[in-house]
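TrEMBL lists 10-12, 26, 45-50, 53, 79, 117-121, 148 with the feature substrate binding site. Marked as Mg(2+) binding site by TrEMBL: 10, 12, 172, 173. Here TrEMBL flags 10, 12 as active site, proton donor/acceptor.
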């Protein structure tokens, strides 16, 4: 019988907004190789892996063929170094509105909580936010072979919690993430506007409640 057992969260734009840090890090890296990107272009990088993001940036600058795989890995590592440096300023004050109380409510209701983030820095981000103990399972981004919208990371998160995908609700702020949740066979809540296919949309995290999660699960 179908029963709500778990809630699976994306990180950027749902738990905290380190998306701006990603943008600044990519902008710096792109500038280093004479490619200009802006915040509108950065929207296309949301929810996808570091290497896939780099490929999009290189394509934008017409430089897809200019780097070997080893050189691309070096560029991705350089971007990550920029990002990690920026993360030093992250603190519990950067948890998005309503999220800390929502995590508590989910825990009090006896539900399990997992993180499905493609960021290899996710454990470091949670630690900086003081939220490590709020999660029962973190999907290991280093072991994920397919980026969102592939459902792999949400399926891995559900398996890590020991719950069937249909007994979980996923929360995302990116179109690729919403598609990944739905492909995994879960109900999806989208944070933000214009997300197609979500079972429920909220304009921002302050509107997320346990009641909404329970309502969406029953749809």
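Note that Cβ sites are derived from N, Cα and C of the backbone, with glycine treated the same way.
Here the features listed in TrEMBL are painted onto the structure.
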{"residue": "10", "record": "substrate binding site", "contacts (Cβ under 8 Å, 6+ apart)": "47, 115, 116, 117, 170, 171, 172, 173, 174, 177"}
{"residue": "12", "record": "Mg(2+) binding site", "contacts (Cβ under 8 Å, 6+ apart)": "18, 19, 22, 46, 47, 117, 119, 173"}
{"residue": "26", "record": "substrate binding site", "contacts (Cβ under 8 Å, 6+ apart)": "37, 42, 45, 53, 57, 79"}
{"residue": "50", "record": "substrate binding site", "contacts (Cβ under 8 Å, 6+ apart)": "76, 79, 80, 118, 120"}
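Cβ-based neighbour count (10 Å, all protein chains) for residue 173 (Mg(2+) binding site) stands at 25. Within 8 Å of the centroid of the Cβ atoms of 10, 12, 172, 173, where the record puts Mg(2+), the same chain has further Cβ atoms from 9, 11, 13, 14, 46, 47, 117, 171, 174, 177, 191.
DSSP assigns residue 12 (Mg(2+) binding site) to a strand segment in the three-state reduction. Classification of residue 120 (substrate binding site) by DSSP places it in coil, neither helical nor stranded.
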